[in-house]
C-alpha cells in the first residue's frame, strides 16, 4: 500500500477514538466510532487473501450493525427529549439498545463470535490494533453514561464474557485466538466493575493494553501464529520467550505481577458493594485463563519440540532487529504492583 495512504489511514484510526473521547454530543461520539471503523477496513483487506477478506467482511457487518442500532437509539432519544445526550429521564429501552450496540463493538459475550475469527484472519499488528486501540472509544462512551445503564444487563454481559473468555481459550492452538479470548475475558472484568467504580474500568483497560502490546511484539518478532511455531523459537530468541512467559503469568493475574492489581481491586470493590457471588465466579474463571496461559508457557519454555536445526542454539548468530520498547513494556507489565497505592488514587 502507498506510504501516504497508510499514514492517512493510521492518522484517521488515531483520530476516531480521540473524537469520541473528547465529545459530549452523542452524534459526534457515533461519528468517531464510524471514522475508526471505516479507516481500519482497508488495513484488514491489505493482504488479498480469502481469509483476510472474510475477516474484513465479518468485522464490517458486525460493526455496521452495532452502529445502526446505536444511531437509531440516538435519533429516537433526540426525538423524545430534543437533546443529543442521554438524561436521567431517557427511556430505558434506548439505553439498553446503546449498551447492546457497544457490547457488539467491544466483542462482549454473547456478541463475541466475530472477534476470534477476525483476529485470526488478519496480520498480527492489525490484530493488536483491534484488541487494544479499537476498544478505547466504546469504553469511553460507557464510562460517560455508566450511571444510566441497567446494572443487571451489565452484570450478565460481564459474567458471560468472563465465562466465554475462559472456556473458549482452553483448547486453542492459534496464538491470535488465545489473545482474542483473553481480550473477551478482560472486557468482562472491565464491564463488571463499571456500575460501581468506572475509574477501575479505566485502570483495568490501561493495564490490559500494557500487557497485550509486549505479548503481541513477542509473537510478531518470532512470526508465531501457533503454539507450535512459538515453541520452535526457543533457540533463536530465548530472552523474548522468557519475557513472554512472565507477561502471560501477569495476564493471568498471578501475584506479585502487575496483572494481579486490576483483579484484586475489582474483587475488593465488588465485595464492598455486597456482591459476593459475582467476584467468586469471576475468580474461578480467572483460574481457567491462567491454566491456558500456563499451558502456552509449558509448550514454549519447558518442552523441546523436534527441530530441523543441527545447531541447538542459534541466538548468538541471528541478526534480529533490536526492539527497545519490549524490555520497557515488560518491566511495566510485570513489576508495577508496588505502585498500586498510587495507581488506585
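The first residue you see is number 1, and the count goes up from there.
Each residue, glycine too, has its Cβ placed from N, Cα and C.
TrEMBL: automatically predicted annotations, no manual curation.
Marked as domain 'NADH:quinone oxidoreductase/Mrp antiporter transmembrane' by TrEMBL: 23-282.
Annotation comment: TrEMBL describes 28-45 (among others) as transmembrane segment.
Sequence-distant contacts of the transmembrane segment (57-78) (same chain, at least 6 residues past either end, Cβ-Cβ under 8 Å): 26-27, 30, 33-34, 37, 40-41, 44, 84, 86, 90-91, 94-95, 97-98, 100-102, 104-105, 111, 114, 117-118, 121, 130. Per TrEMBL, transmembrane segment is recorded for 57-78 (among others).
Residues or ranges marked as transmembrane segment in TrEMBL: 93-114 (among others).
Sequence annotations record features per position, and here TrEMBL assigns transmembrane segment to 152-171 (among others).
What TrEMBL records for 178-196 (among others) is transmembrane segment.
Panel annotation: around the transmembrane segment (202-219), residues 124-125, 127-128, 131-132, 135-136, 139, 143, 175-176, 179, 182-183, 186, 189-190, 193, 225, 230, 240-241, 243-244, 247-248, 250-251, 258-259, 261-262, 265-266, 323, 325-326, 329-330, 332-333, 343-344 of the same chain, lying at least six beyond its termini, place a Cβ under 8 Å from a Cβ of the stretch. The annotation transmembrane segment is assigned in TrEMBL to 202-219 (among others).
Per TrEMBL, the feature transmembrane segment maps to 239-257 (among others).
What TrEMBL records for 277-298 (among others) is transmembrane segment.
Annotation source TrEMBL lists domain 'NADH dehydrogenase subunit 2 C-terminal' at 290-343.
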